[in-house]
Each structure stands twice: as C-alpha cells, then as structure tokens.
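Engineer: Before I ask anything, let me first share the structure, which is written out below as structure tokens.
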Amino acid sequence: MGCGSSSSAGPKASIRVLLLGGGGCGKTTFVKQMKLNYRGGFSINETNEVKQKLRSNILQRLVKSLNDIESVSDESQQAVELLRKAASQEYEFMSENGEHYEQLAKAVVLACDLEEIQEYKAENYFLSPWDFDLFDSAQRIFAKGYEPSHTDILMCRSPTTGLHEYSFSVDSLDLIFIDVGGQRKERATWAKAMENIGAVIYVASLAEYGQHLEEDNVKDRMVESLELFQRVFHSPKLAAIPTVLLLNKFDLLEQKLQMTPLTSVFADYDGPNEVEPAYEFISKKFIERMMLKPSTKDFVCQRVSAIDQGNFMKVFQVIKAMLISSSLRESGLG
Ligand SMILES: Nc1nc2c(ncn2[C@@H]2O[C@H](COP(=O)(O)OP(=O)(O)OP(=O)(O)O)[C@@H](O)[C@H]2O)c(=O)[nH]1
Ligand SMILES: [Mg+2]
C-alpha cells in the first residue's frame, strides 16, 4: 500500500494517493481543499498567481464569446476592440500599474454586462462554467488591490501539466496526494505516477455529459470518463489498489439536466429528468464498468461538490476512513 512510517509523535501510516480523471473534473480542486483544511490555506505566491489567472480567464473567455457573437451594439465597439487587443497582449495591458489597466478594467465590466454576452453565457454556460461564473464578479476581480477569496481560488481554472506531489498530515496519516493533468496529452505521465501508490481517487464530473473534450471536438466527455475509469480500475498496476470514485460537481447537475437531458447522450435512460434518478443512473454506468471484471480491492463511490468546503470535508471523512482501514489491513492490524 506504499506505506512508510515515523514521526516524533509515534509511527504514522504514510499513504501515496493518486488523483486521476479527465481534464477539468476537479482533481486540483481536491488538492486546494486539502490545503485549505489541513494547511491553513494558500501561500502569497499562489494567491498572486490566482489573481492574474482569474483576470486572464475572464478576459480570454469574454473575447472568445465576443468572437462567437455576430455583432454587438455600436456604442460597445470601442470597448470590444480594446478587449481584443488586451487579450493578445496581456503582458502590456494586465499590470495594475500599467497605463492601460483602468481603461481595460472598465471595458471588461462593461462587456460582462452586455445583453449579448449574458445571452451567450446562458446558452453556452456548460462550455466553461468556471469562467462564465466569474463574469458576475468582474468588477470586484478587476478592482485595483483585489485579493482573491478562498472561493475565488477554488473556482480558478488552470489545467495541470506534469506531476505534482502535496503532503498533508491528517490525524494518524501522512497523506501524499499526486495531482496529474487529465487532458489526453498529459496522460503519458500517469504510468509513472502509478508506482508505489497506496490508493487511487478517480474523479469524474457529473455535469460533463453532452459536451466535447476541450482537446477533441468529437468525443463526449462523460463517455470518455467512463472508458478511462474502466481502464484505470482494471489497470494491472492498480489491480490491488483501493479505489475511490468521486462523482464531482453534484451542485451543477440540476442546472445541467435542465439544459441537456440525459437521454441526449444515454438513449437507454428512461427515468425523469431529475437529479436523484439521473445521479443513480450515472453512478450505475460507472459501477458497471467496474463490474466488467472481478476485483476484490476496496472501493467506495461518493458524490461530492468539491468547491463546497463543508460538503468536501464530509466526503473526505469517508475517504479517510477507507484509507485508514486499508492501511491497517495492509500492516496486518486490521
Ligand atoms: N461548480 C463546480 N465547479 C467545480 C467543482 N469542482 C471543480 N470545479 C471547477 O472545475 C474547474 C476544473 O477543476 P480542476 O480541479 O482544475 O480540474 P482538474 O481535474 O485538475 O483538471 P486538469 O488539471 O486539466 O486535469 C475549476 O474551475 C473548478 O473550480 C464542483 O464541485 N462544482
Ligand atoms: Mg488539475
């Protein structure tokens, strides 16, 4: 189980936990919650990076949206041109002390309020909910002297590249989480990351059916995630490794169902277009993948909204209990 030992307070089980799942499912958000709850929060560097990233995400998403909208009102044209220029030359426009910043901030706020943008957001929300949600906070985020809140940090989307390890001391455990990128081009690192692992947390988003992968304009994200889960669960390297399936973004499922019925992707769904039966159906789809081959490893499946601190902590207690019991069994004490 990848166990080590020792601390001054007595021996502690040390477990390496690998986070896997497709791009944007919420792996890094899991690590952020661990930092928030077990390390007292985020460093100044992390906070500053998030501030730049949030501003950049708003600007880039705005410009992408404006490019898709056929036309905006004449009086907004000047602001739109400024945004386009700033999006292609961020280094020149985004510095708070730079000569263009105030003008840019005004243009961003104006564009976020445009009726055309609000309509576009409503129709295309699930392309990028994390960025569209920020439009409502553009004034606050572009204000000089702005400091990101914990919620802002949890909401900030920054796709992971490479492999990153984070250690946390949690009661009787030393947990080392390994966060990898989930997009296809990043998955080459997964095999390496599977060495000396004590547990796997596979994260899937409940709100990603009916959408294409960011990296492939054809494949449905949830179908890809189901296939990926099957490969991970039955991977020979992980054959005996306890596994948690986290069905994330439960908070988005209701709205998602209203916009895209489950039947548009899963023709075999014959239940009502409601959260509970839809959740049951989706979780069964994942479990079916697991049951394709016999396995005796420990397994739990949990629904979660990883951006919600209270909900995350509840779910984390279940994960922790599983890690402790697997670790005790591994050491012959369970
Ligand atoms: N509404 C909602 N958003 C979430 C939830 N979990 C994560 N997100 C958002 O989804 C986006 C992607 O989450 P990440 O944690 O970066 O996803 P990831 O799996 O690390 O993605 P890669 O690094 O590309 O593999 C972020 O903007 C998060 O804020 C959730 O439970 N609810
Ligand atoms: Mg990530």
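Here the Cβ of each residue, glycine as well, is placed from N, Cα and C on the backbone.
Pulled these from TrEMBL:
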- THR28, THR160: Mg(2+) binding site (BINDING)
- 154-160, 179-183, 248-251, ALA306: GTP binding site (BINDING)
Engineer: Listed binding-site residues: LEU154, ARG157, THR160. Which have a CB under 6 angstroms from an atom of ligand 2?
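Structural biologist: THR160, by Cβ distance under 6 Å.
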Engineer: Which whole-number value in Å describes the distance between the Cα atoms of ARG157 (GTP binding site) and THR28 (Mg(2+) binding site)?
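Structural biologist: Pair distance, Cα basis, whole Å: 9 Å.
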Engineer: Restricting to the same chain and to sequence separations of six or more, state which residues have a Cβ under 8 Å from that of ASN248 (GTP binding site).
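Structural biologist: Result: CYS25, GLY26, THR29, VAL203, ALA204, SER205, LEU206, VAL304, SER305, ALA306.
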Engineer: If I take the alpha carbons of LEU154 (GTP binding site) and THR28 (Mg(2+) binding site), what is the distance between them in whole Å?
Structural biologist: 9
Engineer: Around LEU154 (GTP binding site), how many other CB atoms lie within 10 A of its CB?
Structural biologist: 22
Engineer: Please list, in sequence order, the residues in the chain of THR28 (Mg(2+) binding site) that are at least six apart in sequence and whose C-beta is under 8 Å away from its C-beta.
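Structural biologist: Those within reach of THR28 (Mg(2+) binding site), by Cβ under 8 Å and sequence separation of 6 or more, are SER158, THR160, ASP179.
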Engineer: Non-local Cβ contacts of ASP251 (GTP binding site) (under 8 Å, 6 or more apart, same chain)?
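Structural biologist: Once residues fewer than 6 apart are set aside, ASP251 (GTP binding site) is near SER305, ILE307, ASP308.
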Engineer: For THR160 (Mg(2+) binding site), list the number of other Cβ atoms lying within 10 Å of its Cβ atom.
Structural biologist: 19
